[in-house]
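Noted in Swiss-Prot for the protein shown:
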- 1-147: region 'Disordered' (REGION)
- 1-21: compositional bias 'Low complexity' (COMPBIAS)
- 26-43: compositional bias 'Gly residues' (COMPBIAS)
- 82-100: compositional bias 'Low complexity' (COMPBIAS)
- 101-114: compositional bias 'Polar residues' (COMPBIAS)
- 184-205: repeat 'LRR 2' (REPEAT)
- 230-251: repeat 'LRR 4' (REPEAT)
- 253-274: repeat 'LRR 5' (REPEAT)
- 299-320: repeat 'LRR 7' (REPEAT)
- 322-343: repeat 'LRR 8' (REPEAT)
- 345-367: repeat 'LRR 9' (REPEAT)
- 368-389: repeat 'LRR 10' (REPEAT)
- 416-437: repeat 'LRR 12' (REPEAT)
- 486-507: repeat 'LRR 15' (REPEAT)
- 532-553: repeat 'LRR 17' (REPEAT)
- 578-600: repeat 'LRR 19' (REPEAT)
- 602-623: repeat 'LRR 20' (REPEAT)
Amino acid sequence: MNLCSSGATASASSTSLSSTGQAERNGGGKGGDGSGGGGGGGSSSNQNGSSEAINCFGGGPEPVSNLNSTINGGGGVGGAKTNSNTTANTTATSSNSTSNGQQGHTQHNENTATMPPETRPKVVTVKHPESNKPKPTTKKSKPIQADQDVIKALQRCRDEGIKRLDLSKSSITVIPNTVKECVHLTELYLYSNKIGQLPTEIGCLVNLRNLALNENSLTSLPDSLQHCNQLKVLDLRHNKLAEIPPVIYRLRSLTTLYLRFNRITTVADDLRQLVNLTMLSLRENKIRELGSAIGALVNLTTLDVSHNHLEHLPEDIGNCVNLSALDLQHNELLDIPDSIGNLKSLVRLGLRYNRLTSVPASLKNCKSMDEFNVEGNGITQLPDGMLASLNGLTIITLSRNQFTSYPTGGPAQFTNVYNINLEHNRIDKIPYGIFSRAKGLTKLNMKENMLTALPLDIGTWVNMVELNLATNALQKLPDDIMNLQNLEILILSNNMLKKIPNTIGNLRKLRILDLEENRIEVLPHEIGLLHELQRLILQTNQITMLPRSIGHLSQLTHLSVSENNLQFLPEEIGSLESLENLYINQNPGLEKLPFELALCQNLKYLNIDKCPLSTIPPEIQAGGPSLVLQWLKMHSPYRQM
């Protein structure tokens, strides 16, 4: 028996859909996000539901059509599930009008709309104790209704020769075998349903180009799918596959294959048959080995095997000479093969959070890379001159490794770099002149190292915008810091600083100054010149008084002076018209607050815990900060203002 033979043709009137559904099918439907797969405007590039970009350097991938626009990420560590909830509803049936919010009443009304009022059956509602909302006694039947609507949609698809059918997000549990009659289909979107298996008849769709099955409950695929030999894009993300279904290896026309977020443990040698693949995503599975077959995929431009359990890569990876994006982050890699140097088209290489202790010198051949990120490994040094050879780099991230010194290669290695992150290493010195060619360097993170001093040429870092030197052993800031006049963020917390130079007042663009947990006793009067300052953190020092000039910080919203030795607050604090948060808790010598504090009309939070405020009645203090402010206002000479 021929599975693909057509059944009786239903009349058009019995299969008509809503006008909205028809418009969406004829016009291409509403645009979908990458996870869902719905497309828009008839454009196949955005309709295949498979435009997933890999994020080599940050969190999970963002589904966009332009891979290069989001690949470098930088956010979180883990790969987040692709968000498909923003996709507009584009179901190809009229089920949305009857199954979305109308289960109880709509089905009843369809059969009774023409009855006279006295003969219509009553719909009884019951109020449950836990809810004030009346609930119909009729049971919801959304899946049943959805499956019925699928049958209608398939009939219409057959009768009208529709080429693109979107049944996504329709609570479908079963695909009817009548799908075989939709032989004109080139695009079929079934993502975000409850499908556990596909019918054998799916193989009758011999013209199919795009098939989106992501976000279902599939554990296998029927062998008949091999007859869809024109299939180019197959999306199986977020299913329950324990292996790559063998039939996939026979789909020789595939160019894009998404298998992210399944339960796959092995990749068969038959993978070598998919020679037309340009994009392969195996992200977030349980794969421990990637065999030599990967080397046969010479047309690959994007390979994502991040968030697996790989310990090694085959040398054959060097045969994939067209690769521009290779994401290996969050595996258990112990080494990288020398053949990676053959990948001269490589722009993005994700190596974050593995178990590497070194990288091969051959990486210097990958001159197209614009970002180098090996965060979260155990690397102690880089091959001599490697960074200098990669002269297209703009971002270098070596954080959370075992570096004890800056990479060798001199100033040339940072010529075009604007962002350097060496956080959480064991570096005790920034070499003099190391940034002499880094004219574009705007962000340097040296947090959690072993620095005891800053280089004498710090005054040449004139384009620096953000400087993080927290958690080191710095004892002094050089006066030349005054030259960093583009600085907006300066983090110096957890050091051993005893004073701040007067030249700090030259940093007129500073928005954030963090001096928490040092040994500072006095702030310079020039602090009042920082008119753009929004956050000033002085917590856990030895400060006895704030300078009166602090009242000039008109943009200040956050001031923390807790855990110090304050004896009083200056009256000028009442001039901080933008102040929202004030922390003065745990100052054992602070016995009174200035009445002027009540003038801070935008103050939302005041922490005065463990301050012996003898001038304010205990019952007022017990009432909380808002009551304290009211008391100050009522007893101040400004109460009429």
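Keep in mind that glycine also has a Cβ here, set from the backbone N, Cα and C atoms.
What you are looking at is a predicted structure, and each value in this text was computed from that prediction instead of being measured.
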Helix, strand and coil counts within the repeat 'LRR 5' (253-274) (DSSP): 5 helix, 3 strand, 14 coil
Across the repeat 'LRR 2' (184-205), average pLDDT on the 0 to 100 scale: 97
Recorded stretch, among 230-251, 299-320, 578-600, maximising Cβ pairs under 8 Å relative to the repeat 'LRR 17' (532-553): 578-600
